[in-house]
Amino acid sequence: MPLIALAHRWKLNMAIHLLAGLCLAAPRKNVRWCTTSKAEAKKCSKFQVNMKKVGGPIVSCTRKASRQECIQAIKANKADAVTLDGGLVFEAGLEPNKLRPIAAEVYGTQTKQQIHYYAVAIAKKGTNFQLNQLQGVRSCHTGLGRSAGWNIPIGTLRPFLNWTGPPEPLEEAVAKFFSASCVPCADGKQYPNLCRLCAGTEQNKCACSSQEPYFGYSGAFKCLQDGAGDVAFVRDSTVFENLPDKADQDKYELLCLNNTRKPVDAFKDCHLARVPSHAVVARSVGGKEDLIWRLLQKAQENFGKDKSSAFQLFGSPSGEKDLLFKDSAIGFLRIPSNIDSELYLGFNYINAIQSLKEKSQNPSDVDCVDRLAEGYLAVAVVRKSDADLTWNTLRGRKSCHTAVGRTAGWNIPMGLLFNQLGSCKFDEFFSQSCAPGADPKSSLCALCIGDEKGENKCAPNNSERYFGYTGAFRCLAEKAGDVAFVRDSTILQNTNGGNPEPWARDLKLEDFELLCLDGTRQPVTKARRCHLAMAPNHAVVSREEKAEHLKQVLLLQQVRITRASCPLLTTRVPELGEAVCPEPFFAVPLLEAGGDSVCFMLRSCPESQ
C-alpha cells in the first residue's frame with residue numbers, strides 16, 4: 001500500500017478514535033448564572049473567561065429582566081444560580097418556587113467577618129425630621145420587596161401608616177403616607193406615587209433593574225443625593241461605597257429608632273434592623289449545589305479581594321455597583337443543606353414579612369386568626385372527619401412531621417410527649433410516621449414518599465415531598481398520616497385556594513381541626529386558644545448584647561440530633577472569651593453572629609429507655 005494511502009488511513013483511524021472518545025466522554029456540567037442587566041451580563045462573560053483560565057467549573061450566562069424573572073428561570077431549570085437579598089430569598093423559597101440559599105455573602109474584614117448587614121434610614125444633615133415624622137416626606141427605596149429598602153423600613157413605619165376603613169394593599173397605604181417616592185419594581189400605573197421620583201425614561205421608569213437609575217442601594221442613595229428624595233432606605237455600607245471622602249459622608253445622618261440622629265458611621269447603634277446577608281440561591285432538588293459551591297470557592301480563591309487585577313469577583317467598573325455580587329463582599333460561606341430560606345432568614349425577619357402581608361390582606365372569618373407579635377403557634381392538625389382523635393388518643397396513630405430537629409414539627413410535640421411518657425421511643429408511640437431526617441429504615445420514615453421518582457425517601461430537604469410545613473400538611477391531606485405537626489399559618493396557606501398545586505387545590509379550611517392539650521378540639525381559626533406552644537420556645541440565658549444572636553440559633557443552625565438522642569436541648573452560654581465548650585456541651589457557631597458560638601448539650605436517652 002502506498003505510503004500516502006497509509007498516512008490517510010492512519011489519520012482516518014485517529015479521527016474515528018478521537019470522535020468516539022469525544023462522544024463517550026461525559027459532558028462537563030456548567031453553572032448557568034442569571035444576570036439582569038447589560039453590565040451584569042458583561043461581567044458574567046468575564047467571569048466565564050477567567051474561570052476557564054484557572055480550570056474551574058464552567059460558567060455560562062443567561063439574562064433576564066429582573067431578579068424575579070431569574071427566580072422563575074431557576075425554578076424552570078433554565079438557569080442555576082443568582083444572588084438575592086433577603087426579601088427575594090424569602091420569595092424564592094415559597095411554594096411553588098422552592099429555591100434555597102446555598103451560600104451567604106461574607107462582609108466585614110478577614111479578621112472580623114460577618115454575614116449580616118444593617119438596614120438604615122439616611123437623610124441630609126440640616127433637615128429637621130426624625131423617624132417618627134416621615135409622613136409627607138419624599139422617600140427613596142432600593143426596590144419593592146427588598147430588605148433594607150422596603151420590608152424593614154415599611155415594617156418599622158407600619159404603626160404610622162394610619163390604615164382606615166377597609167383593608168387595602170400595602171403599596172397603596174405607603175403611597176398615601178409619603179408625598180412621593182421612588183420604589184423600583186412597583187406598579188407605576190396602579191400606584192403612580194410610588195414611581196413619581198424615579199429617573200428612568202419611558203418603560204425604564206421604576207424598572208426592576210439598573211435601567212432605572214435609582215434602583216438598588218446606590219440608586220436609592222443617588223435619589224437622595226440628587227435632591228429627588230428626603231430620606232433613603234439603604235444599608236450601612238452604602239454611603240461609604242459611594243462617598244469615599246469623609247467630608248462628603250458628613251453631609252448625611254442616620255435616623256434612629258429612638259427618634260434621634262447619629263453620624264453615618266454609628267450604624268451599629270442607629271439602625272432599623274440587622275438583616276441576613278445576600279445569598280446565592282439554587283433549586284432545592286437537582287440544583288447543582290455542590291458544583292455551584294466549587295465554582296464559588298474557586299472564584300474567591302483566584303479572584304477575591306486583592307487576588308487579581310485581571311478580574312475582580314467583588315467589584316464593579318466605574319459607574320456600576322454590585323454586579324453579580326455585592327462590591328462590599330469579601331467571600332462566601334456555605335449554608336448547610338438542611339437550612340431552607342426560613343431558617344436562613346430567621347424568625348424575626350420572617351415574622352416581619354408575614355406581618356406586612358397580613359396587614360394588607362382582606363380578612364374574612366376564616367382569615368382572622370389571632371396573631372402573636374412574639375412568635376408563631378405550633379399546632380397539631382387533624383382531619384375533621386376523624387372525630388375520635390384527640391391529644392390523649394394519639395398513641396398508635398400515624399404522624400406527619402416537618403423534619404427531625406425542627407421546632408413546630410418535632411422539638412415541641414416530641415418534647416411534650418417525652419414529658420408525658422418519660423421515654424424517647426417515639427417510633428413505638430406512633431405506629432408509622434414521616435419524620436424527614438430520621439433513620440430511613442425505621443417506622444419514623446414509613447410514611448415518607450421521597451421525590452417524584454420515589455428516591456430520597458425521608459431526606460431532610462425538599463427532595464422528600466412530605467418535608468417542611470407544607471410537606472407535613474400534605475402528608476395529612478393525602479391521608480398518609482392522621483395528625484400533622486406544623487405552624488398555625490400552614491393550614492391557611494394550603495386551603496381555600498391558597499396553594500394551586502393539584503394535591504391542595506380543593507382543600508377546605510373547615511375540613512381540618514386542631515388538637516388541644518386538654519383533650520378537646522377547636523377550629524383552625526382558634527389557634528391562639530388551642531396550640532401546643534408558641535415558637536420559638538427555646539430559652540437561652542445570655543449577656544444582653546448577645547441575646548438577639550442566641551435567640552436565633554435553633555432556627556439558623558443544623559441542630560445535631562442523632563437517632564439515639566432525645567429532642568431536648570439544654571443550653572449554656574460560654575463566658576466572655578471562652579473558646580471551648582466543656583463536656584458534655586458542644587459548640588455551635590452562630591452564622592449571623594460573625595463567629596460567636598453558643599454551647600449546646602443533647603440529653604441522650606438512657607439505654608433502658
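Think of each number as a place in line: the chain as shown, counted from 1.
Even glycines carry a Cβ here, placed using N, Cα and C.
Those TrEMBL annotations? Automatic predictions, nothing curated.
Some features that TrEMBL has for this protein:
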type	residues	note
ACT_SITE	K98	active site
BINDING	D85, Y117, Y217, H278, Y376, H538	Fe(3+) 1 binding site
BINDING	T142, R146, A148, G149, T402, R406, A408, G409	hydrogencarbonate binding site
DISULFID	C34-C70	disulfide bond
DISULFID	C44-C61	disulfide bond
DISULFID	C140-C223	disulfide bond
DISULFID	C182-C198	disulfide bond
DISULFID	C195-C206	disulfide bond
DISULFID	C256-C270	disulfide bond
DISULFID	C400-C475	disulfide bond
DISULFID	C434-C448	disulfide bond
DISULFID	C445-C458	disulfide bond
DISULFID	C516-C530	disulfide bond
SIGNAL	1-25	signal peptide
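Taking the features listed in TrEMBL, we show where each one sits on the structure.
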residue : record                         : Cβ within 10 Å
K98     : active site                    : 19
C140    : disulfide bond                 : 29
R146    : hydrogencarbonate binding site : 31
G149    : hydrogencarbonate binding site : 30
C223    : disulfide bond                 : 29
H278    : Fe(3+) 1 binding site          : 26
Y376    : Fe(3+) 1 binding site          : 23
T402    : hydrogencarbonate binding site : 30
C475    : disulfide bond                 : 28
C516    : disulfide bond                 : 18
**Prompt:** Restricting the comparison to the recorded positions A148, Y217, T402, C475, which residue's C-alpha is spatially nearest the C-alpha of C223 (disulfide bond)?
**Reply:** Y217
**Item:** Cα-proximity to C516 (disulfide bond), 10 Å cut-off, over recorded positions K98, T142, H278, G409
**Value:** none
**Asked** Which site among C182, C195, C270, C530 has the most other CB atoms no more than 10 Å from its CB, taking these as disulfide-bonded residues?
**Response** C182
**Request:** Find the one among the recorded positions C182, C198, Y217, C448, C475 whose C-alpha lies closest to that of R146 (hydrogencarbonate binding site).
**Result:** Y217
**Asked** Which of the recorded positions listed here (C34, T142, A148, R406, C448) have a Cα atom within 10 Å of the Cα of D85 (Fe(3+) 1 binding site)?
**Response** A148
**Message:** Please report the Cα separation of C400 (disulfide bond) and C140 (disulfide bond) in Å, rounded to an integer.
**Reply:** 46
**Message:** If you measure from the CA of A408 (hydrogencarbonate binding site) out to 10 Å, which recorded positions from the list K98, Y117, Y217, Y376, C448 are inside that radius?
**Reply:** Y376
**Request:** Would you mind pulling the DSSP three-state label for C34 (disulfide bond)?
**Result:** strand
**Asked** Whole-number Å distance between the CA of C198 (disulfide bond) and the CA of G149 (hydrogencarbonate binding site)?
**Response** 14
**Fill in**
Cβ atoms other than its own within 10 Å of the Cβ of T142 (hydrogencarbonate binding site), all chains, total 32
**Asked** Cα of Y217 (Fe(3+) 1 binding site) to Cα of C256 (disulfide bond): how many Å, rounded?
**Response** 19
**Request:** Sort the recorded positions C61, C70, K98, Y117, H278 by C-alpha distance from R406 (hydrogencarbonate binding site) and give me just the closest.
**Result:** K98
**Request:** From the recorded positions Y117, C182, C270, C530, pick the residue whose C-alpha lies nearest to the C-alpha of T142 (hydrogencarbonate binding site).
**Result:** C182
